[in-house]
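Data first, discussion second: the structure below is written as structure tokens.
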Amino acid sequence: MLVLGIESSCDETGLALYDTQRGLLAHALHSQIAMHRDYGGVVPELASRDHIRRALPLLEEVIAKSGARREDIDAIAFTQGPGLAGALLVGASIANALALAWNKPTVGIHHLEGHLLSPLLVAEPPPFPFVALLVSGGHTQLMRVTDVGVYETLGETLDDAAGEAFDKTAKLIGLGYPGGPEVSKLAETGTPGAVVLPRPMLHSGDLDFSFSGLKTAVLTQMKKFEAAQLSGDALARAKADLARGFVDAAVDVLVAKSLAALKKTKLKRLVVAGGVGANRQLRAALSAAAAKRGFDVHYPDLALCTDNGAMIALAGALRLARWPEQANVDYAFTVKPRWDLASLAR
């Protein structure tokens, strides 16, 4: 089965072709980071317009890279939610228009299920079951994954997502957009232990997260720097140490909760997915914990940590292989800007 995947939930337009026999044939991605940088964040209307401009050229690129023909495509998978309503509507409309023109079925995919399954695209994919740590700009969750469509929420953030905390911390420190990579880069130049920030809910006894207090602690430190009238090199060093303190605190919590989830489920495999899953400090800490405690940790390729069409094509192929009745052949569709991943559980 050859499936075309279309991702448009936020500020990346991604298309890909995935074959159930041959794997990922090709994928192409356009990021809108440069367009949104002057605004300090994603502007939904601009994002939607750009998806319209980019989708069809990316489709031609993917078809050319793969060597496949349009008539070879068996189905079209698209991100149905969660995400920005307008952006989702663009991707869904394009998917269903192509499907109608080509006489192909469609299937709507949960964006987070795509991330959840993205590590299956590597050369040696992890077998089921496993614990998944989903960490992105909008979501932070721990899930028990027994099979495709068999998900149990073990814990989730009670306020800010980890990626959101990274972005807000970057803004507080005065870094550019996108904030997550910038604060991580600055943290690598900071002195470990120079600034120690709280580890929210580290000892809460459950698997939930909270990052709003950590963000507030960063704001408090910045006010202290201002009161001390730091400037020049002294302020630059203080900001680097603060960034290091923030990243260390966030990573400590993510690692500790992941270890607790493995202990609770008695599983020996951890999958990490989502944009924050590309963070080098997080990967290093989890890999060190895995070596020490004897469990396996799996990540998607760095290029597939961000939103992408490959994960949507994969999820669509896996769903249609298991549940052919999910194929939509009447081309009526809805999008779901808010959509609980646990609601997919079968």
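Glycine is treated like the rest: Cβ placed from N, Cα and C.
Taken verbatim from Swiss-Prot:
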BINDING   His111, His115, Asp307  Fe cation binding site
BINDING   Leu134, Val135, Ser136, Gly137, Gly138, Asp167, Gly180, Asn279  substrate binding site
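Overlay of Swiss-Prot feature records on the structure.
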| residue | record | contacts (Cβ under 8 Å, 6+ apart) |
| --- | --- | --- |
| His111 | Fe cation binding site | Glu7, Ser9, Thr79, Gly81, Pro82, Gly83, Asp307, Ile312, Trp339 |
| Leu134 | substrate binding site | Leu112, His115, Leu116, Thr140, Gln141, Leu142, Met143, Ala273, Gly274, Leu341 |
| Val135 | substrate binding site | Ala161, Ala162, Gly163, Leu254, Val272, Ala273, Gly274, Gly275, Val276, Gly277, Leu282 |
| Ser136 | substrate binding site | His115, Ala161, Ala162, Gly163, Gly274, Gly275, Val276 |
| Gly137 | substrate binding site | Cys10, Ala161, Gly163, Glu164, Asp167, Gly180, Gly275, Val276 |
| Gly138 | substrate binding site | Pro82, Ala161, Gly163, Glu164 |
| Asn279 | substrate binding site | Gly180, Ser184, Val247, Val251 |
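Farthest C-alpha pair in the substrate-binding residues Leu134, Val135, Ser136, Gly137, Gly138, Asp167, Gly180, Asn279: 17 Å apart. For the binding-site residues His115, Asp167, Gly180, Asp307, the greatest number of Cβ atoms within 10 Å around a candidate Cβ is found at His115. Each residue in Glu7, Ser9, Thr79, Leu112, Gly114, Ser136, Gly274, Asn308, Met311, Ile312 lies on the same chain as His111, His115, Asp307 and has a C-beta within 8 Å of the C-beta centroid of that Fe cation site, without being one of the site residues. Mapped onto three states, the DSSP output places Asp307 (Fe cation binding site) in coil.
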